[in-house]
Amino acid sequence: MLAGCASENGDERWNALMEGVGKPAGSSAHGYPTSKAITGARGPNSAPRGFAQIGTGEFTGESLSAISAGKAADGSEGYTINLVDAPIAQAAKKILGDIMGYNYLVDPKVTGNITLQTSSPMSRQSLLDILEVSLATNGAAIVKKADRYEIVPISEATASNAIIGSRVPMNEPGMKVQVLQLNYIGADEMREIIEQVSKKSAVLRTDPTRNYIVVAGNNGELAAIREAISVFDVDWMKGMSTALYPLKASQPQELVKELNSVFGVDGGPNTKTIRFIPNTRLNAILAITSRPSYLPRVTSWIAKLDKIAETNEEQLFVYEIQNRPAAELAKVLQSVLATGPAGDGTVVRQSVVAPDLVAETVAAGGEGAPMEMPPEAAVEAPSVPVSSVPSVVADIENNALLISTTAREYQRIEQILRQLDVLPTQVFLEAIIAEVSLNDELKFGLRWYFEHNSDAFGLSDLASGAVAASFPGFNWTHLAGDAQMALQALSSVTNVKVISSPNLMVINNQQAKLQVGDQVPTVTQTSTSTTSADAAIVNSVELKDTGIILAVTPRINSSGRVMLDIQQEVSNVVETTTSGIDSPTIQQRKISTRVVVNDGESLALGGLIQEKKSLGQKKMPVLGDIPVFGNAFKSKTDGINRTELIIFIRPRIVRDVQEARQVTDEFRQQFDFGRTDTPGRRMQRDLVRVAN
């Protein structure tokens, strides 16, 4: 090992070795004999004598200006270094020994040459830094030991270093070990950063638990490491932009996957730039990004995606009905939304409703068991349903529909409801039910009479109607005039009794029913006990409707014609003579048919002929009561009374409010007997109508 001290003797020994260089031959600085010239024997005219000059055998030497003093840039004392390919020991002597005045030791394992050249004077500390950098390139480092400095291999520098701590003196040369506490960045992550900007051996240890890092290096290396830490060990949350987005319909986990794809988080360019964290408890998404400009985009995308999901999320909608009953419209909607075939079905979804609410649910058609979802399907159901069976509840009291479905499905349902919930077309029915006595002129019935007088009455047969097939010859369509004209013609030849003349306004496809008569009790069942002789007889009594019953259901087709379902019944109560049952006999005359007529035309239905036998006698007072001889003073008046029931029906289509007012005005005029419809009266009616 080579050791050096700062003294003048060292320079003297080095200079003594160089004293003989350039001196004349014959003597040396150390007293050794030199070679003498040998003269040849050829005389003065011989060839010139040769000579020899012995060199020193050294081909390199120290420049006399290897170190020169001067002023540094900061005004302090400085030095200029000019060492070219000098051994490490020589460079250490010049800087550590001669300039700094330190005691030093060079480990024999440290070998090699270094070059140190400066163009201007530098301070002592700068020269130390340059020396440490040059030593590091040769695998060596300076280590401080008590009262001296040692130049050792860099692999042994850390183990032999005694300077360690969070604060180390930076004005002294040598390898140092420093403990640096990290505040915000993780120790392992900081180690990766340091190894990129410094040598890998600079980091000795990391402690993620206490979040500190142990580094080693010279002053320059430690300064570079501390600079890197000051750049990266910052409060990153302070620089991050965050936002919390509550969701209305979407599931946070599902929406985060979509956002990761949109912003390129999964393996894309923004993997470390932005993060989306789902929060199931709050049903929200937390967005964290290092770029504030991303937040408006995130807000826009979440709003769009959540709105789309909202259309697939089941919600409760209320549809206020304007023109139809809630229960009726609910049944129609049920048929439209049913997934199975038409007909009676099994309820697949039932809602529990409050009193006065009628639940109308979609049926699955057929008579099978209710549709049920298997347990595994129920557990693994998607967060946003693709489709669902709507549930419809009719609110009778408020005339509204409560529909539980998705927003997208409700848009389709609402379009259907608006087509169904329209002002219904109505039909004004004028009917006359009359009973005509058949005398000699009408002995063949009304049909024969009308056929022979068709030119006068304008009647034509409905040969192609539904009634013609079931009741041939029983029906006609009145093409000219009205029912009043026909009745006046009949009253001129026979007795005509108008039983009823109803006028009804009925909604399209709804039944209008007129009933004038009595409810007659009839015994339907008699029972008594067989175990007791004194048991009472128990009768089951049912009330039967009698009198005049007219039920008409109009149906308007697209061509403006009216189909009428007619059920007409005229019944009388007579005493029972054919059985011993204590119940009256009900005589009935019925018509049940379906016909099609044009708007405003009259329909006549007839052919129900009834015969009544009457037994009577005429006699003279007193004389007619004498036995045997009284027969000469009395006579029998037995006879048969034949009557035929005829029905006139005239439908008029009422499409809007204006036509309804017109029909009402015409009906009112029928009761204004003897009153002239003047312009003033019409104006008065118009003013009342406008006021209402």
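Residue numbering: from 1, along the chain as shown.
Even glycines carry a Cβ here, placed using N, Cα and C.
The annotation region 'Disordered' is assigned in TrEMBL to 20-54.
If you look up TrEMBL, you'll see 81-146 marked as domain 'GspD-like N0'.
Annotation source TrEMBL lists domain 'NolW-like' at 177-237 (among others). A mean pLDDT of 85 is what the model gives for the domain 'NolW-like' (177-237).
Residues annotated as domain 'NolW-like' in TrEMBL: 242-307 (among others).
What TrEMBL records for 317-426 (among others) is domain 'NolW-like'.
According to TrEMBL, the feature domain 'Type II/III secretion system secretin-like' maps to 489-655.
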Q: Please spell out the DSSP helix, strand and coil residue counts for the domain 'NolW-like' (242-307).
A: 25 helix, 17 strand, 24 coil
Q: Go ahead and report the DSSP secondary structure tallies for the domain 'NolW-like' (177-237): helix first, then strand, then coil.
A: 30 helix, 16 strand, 15 coil
Q: Over the span of the domain 'GspD-like N0' (81-146), count residues by DSSP class, listing helix, strand and coil in order.
A: 26 helix, 22 strand, 18 coil
